[in-house]
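Features reported for this protein in Swiss-Prot:
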| type | residues | note |
| --- | --- | --- |
| BINDING | G172, D173, R174, Q175, T176, G177, K178, T179 | ATP binding site |
| SITE | S388 | site 'Required for activity' |
Amino acid sequence: MSENIRVSEVSDILRKQLEGINTNVQLDEIGTVLQVSDGVVRIYGLRNAEANELLEFDNGIKAIVMNLEEDNVGAVLLGPTDRIKEGFIVKRTKRIASIRVGESMLGRVIDPLGEPLDGKGLIGGELYEMPLERKAPGVIYRQPVNQPLQTGLKAVDAMIPIGRGQRELIIGDRQTGKTSIAIDTIINQRNNFLAGDPVYCIYVAIGQKGSTVASIVNTLREYGAMDYTIVVAATAGDPAALQYYAPFAGAAIGEYFRDTGRHALVVYDDLSKQAVAYREVSLILRRPSGREAYPGDIFYLHSRLLERAAKIIKEEEVAREMNDLPESLKGIVKVGGSLTALPIIETQAGDVSAYIPTNVISITDGQIFLETDLFNQGVRPAINVGISVSRVGGNAQIKAMKKVAGTLKMDQAQYRELEAFSKFSSDMDPITAMTIDKGRKNAQLLIQPQYSPMPVEQQIAILYCGTHGLLHDVPLENVQDFERSFIESLQLNHQEDVLDVLRTGVIDDNVTKAIEETAAMVAKQYL
C-alpha cells in the first residue's frame with residue numbers, strides 16, 4: 001500500500017490546500033463605555049481614535065470623538081442617551097464624520113447625518129462623501145465677489161447688496177423678521193431656477209421647534225422653492241451634538257455644489273442656538289469655560305464654518321489643486337462656483353455688543369440689523385439702515401441698480417437724522433421739509449409684504465421714482481398704491497423697452513424718459 005503513495009503528489013495536494021486557505025481576518029478596534037451622561041460618553045480602549053472620527057455602537061447609534069485624553073476618549077452621541085448603557089461595546093469606523101450628498105437630495109428634509117426626516121424613503125441616486133469638517137479654500141483658490149445674489153427685497157438689493165460668495169449676517173431680536181428675509185431670498189431664486197441658472201439653497205434649522213420647521217417647509221413647497229432647496233433640521237428635541245453639527249452638514253452640502261461649478265446659498269438659522277449647543281457639549285466634556293461660560297474656541301467654531309463660503313477662481317488648473325479637496329470630488333471639480341452664507345444671530349433686547357453677536361459681526365462681510373421698534377411701526381423688513389452694511393457694496397450690484405440706488409442709503413440715514421430733529425422744531429426751511437418728505441416716501445417704497453420678492457428690473461424702476469423726486473405730488477398714504485399702478489403700467493406698456501432693458505443692467509435716456517412719463521401719468525390721479 002505504501003508503495004502506491006507518492007511523496008510529490010502529497011506535497012502538491014497539501015500545497016493546493018494551503019493556497020486555498022482564506023487567511024483574511026477583519027480587525028475591529030473596540031472600546032467599552034465607562035460613563036454616559038447628557039449626550040456624552042466616555043470610552044476606554046480606543047487608543048488610536050482620531051479627533052472628529054465617527055464611532056458606532058452595536059445598536060446602530062453613532063457618536064463623534066471630541067476629546068482625546070490619556071486614559072479615555074470623550075465622544076458626543078448622535079442619538080438618544082437612554083439607549084446607551086455603561087459597559088456597551090463601541091467600535092471605530094476609521095472614517096471622519098461625513099454626509100453623502102447628491103442631486104437627489106433636492107426637495108428633501110434631512111438630519112445632519114443625511115438621513116431623511118420627511119417620510120419619503122431613502123435618498124437614492126449617485127451620492128458623494130463630503131466631510132462635515134473641512135478647511136476653507138485658501139486665498140489663491142478664491143476670486144473677488146462681483147456677481148449679485150438678488151434677494152427680491154428692495155431695501156436689501158438697493159442699500160445692502162449681497163454678492164455670490166459673500167457672508168452676510170442677519171441679526172436682530174426674536175420676532176423681528178430674520179427668518180422671513182432668508183425665506184424670501186430662497187423663494188426669489190425660483191426665477192434663476194426657471195432660467196436654467198439655479199442657485200441651490202440649503203436651509204439649516206438649528207434648535208427650532210419641529211412645528212416651525214414643518215411650517216417653513218410647507219411655505220417653500222407652496223412657492224415652488226423646494227425644487228432647488230434642501231432642508232437640514234436639528235430640532236430642539238434632538239441631542240445637542242446634532243444641533244452643533246447641523247451647520248457643518250449644511251456647509252458640506254453647499255460645498256458639493258460650489259466645487260462642481262454651481263452656485264449655492266446656505267442659511268444658518270440660527271448660530272446663537274449652535275453656540276449654546278456647543279457650550280452644553282463642552283461643559284459636559286469638562287472643557288475650560290470662558291466668557292458667558294462659552295468655551296475658549298467659540299470664535300474659531302464660527303470662523304471656520306463661515307470661511308467655507310467662497311467664490312471659486314475661474315482657472316481650472318488652480319481650482320483642481322484646491323486644498324483639502326475630498327477624494328469623492330477629485331475628477332469632477334469645476335470652476336466658477338460659489339457658496340453664499342446667510343448666518344442668523346438672535347440678540348437680547350437689541351444688544352449687538354454681546355459676545356456671540358460681536359464675534360459673528362467681525363467674521364462676516366456685513367450685517368443686516370433688524371429692529372423691534374421699526375417692526376412694530378409697520379416698517380417691514382425692519383432694517384435699521386444706519387448700522388446695516390455690506391462690505392462688498394456696489395461690486396455686487398448690476399450697473400443700473402448701482403446708478404439708481406447709489407445715494408439711497410445716505411439719503412435715508414440723513415432723513416432719519418432730520419426727522420429726529422424736526423420733532424423739536426415746528427418751523428422748517430423748504431429744503432429740510434423736502435428732504436423729510438422724500439425720505440418718508442422712500443421709506444414707504446421700501447416696505448414690502450412677506451413672500452412677495454420683486455424682480456430686480458421692477459425694483460430699479462420704482463426706486464428711480466423715489467430717488468429722483470417723482471413722488472413729490474403723491475400723498476404719503478398713496479405711495480404703495482402708486483407703486484402698484486406704476487409697475488402694472490410698465491408691464492402693460494413698456495415690458496420690452498424698459499423692464500427687459502433694465503434686467504440687463506442698462507439704464508439710458510430712453511429708459512429714464514419712459515419711467516418719468518409713466519410716473520407722471522400715474523401720479524396725475526392723486527392731484
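Cβ from N, Cα, C; glycine included.
Computed from a predicted structure; not experimentally measured.
Distribution of Swiss-Prot features across the structure.
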residue: G172; record: ATP binding site; CB count, 10 Å: 28
residue: D173; record: ATP binding site; CB count, 10 Å: 17
residue: R174; record: ATP binding site; CB count, 10 Å: 11
residue: Q175; record: ATP binding site; CB count, 10 Å: 12
residue: T176; record: ATP binding site; CB count, 10 Å: 26
residue: G177; record: ATP binding site; CB count, 10 Å: 19
residue: K178; record: ATP binding site; CB count, 10 Å: 26
residue: T179; record: ATP binding site; CB count, 10 Å: 19
residue: S388; record: site 'Required for activity'; CB count, 10 Å: 22
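Cα of T176 (ATP binding site) to Cα of S388 (site 'Required for activity'): a distance of 15 Å.
Sitting within 8 Å of the Cβ centre of G172, D173, R174, Q175, T176, G177, K178, T179, and not among those site residues for ATP, are the Cβ atoms of E346, L370, T372, F375. In the three-state DSSP classification, K178 (ATP binding site) falls within a helix. Separating the Cα atoms of S388 (site 'Required for activity') and G177 (ATP binding site) is a whole-number distance of 15 Å.
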